[in-house]
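J.: Have a look at the structure that comes next, please.
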Amino acid sequence: MPEEDWSVVLTANCGFLSSLGCLTLTEEYLSLVVPQDQSFKHNYAGIFHFRFWKNGEWVDVVVDDRLPTKNKKLVSVKSAEENEFWAALLEKAFAKLRGSYEDIEYKYATIALQNFTGGVCLWHFFKADLFPTIQRAVKAKCLLTCATGAVTGKNLIAAHAYSITGAEEVSYRDGKVQLIRLRNPWGHKEWKGQWSDDAPEWNDVAPDVKNALLTQKEDGEFWISYPDLVKEYESLDICHIAPSTGVNVNEQHWSLTQMEGSWKKGDSAEKFLADPRFRIKLEVPDEDQAAAGDAGLCTLIVALKPKVFIEKVPDFLLYQVSGRILFLL
């Protein structure tokens, strides 16, 4: 299924849209959520089913084919193609999973990414040099989004989420420049600063590199330098796809272990010594750390996920605590 352009008429769920844009970049990921064995023709019964990751397992969500409209126009996700409705139906199923359309407004992209893939989502502020991290994540087929702040410029949309579709370091004049390719899920309104489609910087790049990277059309996709990305954007979301998906689109291998437990008032919630403890032994160093001078280091991600949705708690945000140990709060 090709990449699509969408607009949102009523619900302000750009986090959902940017996550959906990431999902369409890899057909195997999209097929996890949107089963291909259904259409408006063959064995059509007026219902559609979608799959989401919830509480450590894949669950089916079934919805009928009725969509919210006003004046005979969709008031939710609308595809650029008038006769295409799978994105709107998926949004309806996602709203059913989360509780309502209201419950998916203004949400973090990491919430949708986690429900779409069962992966582990990392959330960063643009404070450190994250370009190597982004480049490795793109190579590993992770799903990435980033969001602007309340104030921005040069044709970017404030408080809006974009999909990250590429990361390249190219020769420019007498040095190197780090570039990030972003995609606005609306399919229009692109960056108008340095390294945009018509920017003069491309004239000083080797012709073969320019032809490979640059597409000069208003399609919502554009390049931006990493320094400008840090200046104009506030946060970065990276979703590492877990082995539980059964999809293998890269050479990176993860081991996954899931355990269930509970914190109970008067018991484990109030007694530190009663907290569960785990002994973990890391034996295989990360292959991609040797080039960065970190040979011998391993990556460990510890993700704590509540089984109930807590409205006021951003339950899919990860914070780096020390070294390469990450905790989900």
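Cβ from N, Cα, C; glycine included.
Straight from TrEMBL, here's the annotation block:
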- C14: active site (ACT_SITE)
- H160: active site (ACT_SITE)
- N184: active site (ACT_SITE)
- 12-242: domain 'Calpain catalytic' (DOMAIN)
J.: Return the residues near H160 (active site), defined as same-chain residues 6+ apart in sequence whose C-beta is under 8 angstroms from its C-beta, sorted by sequence, else 'none'.
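T.: Looking at Cβ-Cβ distances below 8 Å from H160 (active site), excluding near sequence neighbours, one finds C14, A147, T148, N184.
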J.: Tell me, roughly as an integer, the mean pLDDT over the domain 'Calpain catalytic' (12-242).
T.: 89
J.: DSSP three-state call for N184 (active site): helix, strand or coil?
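T.: DSSP call for N184 (active site): coil, neither helix nor strand.
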J.: Within 10 angstroms of the C-beta of N184 (active site), what count of other C-beta atoms is obtained when all protein chains are considered?
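T.: For N184 (active site), the count of other Cβ atoms within 10 Å is 25.
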J.: Work out the three-state DSSP category of H160 (active site).
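T.: Going by the DSSP assignment, H160 (active site) belongs to neither helix nor strand, so it counts as coil.
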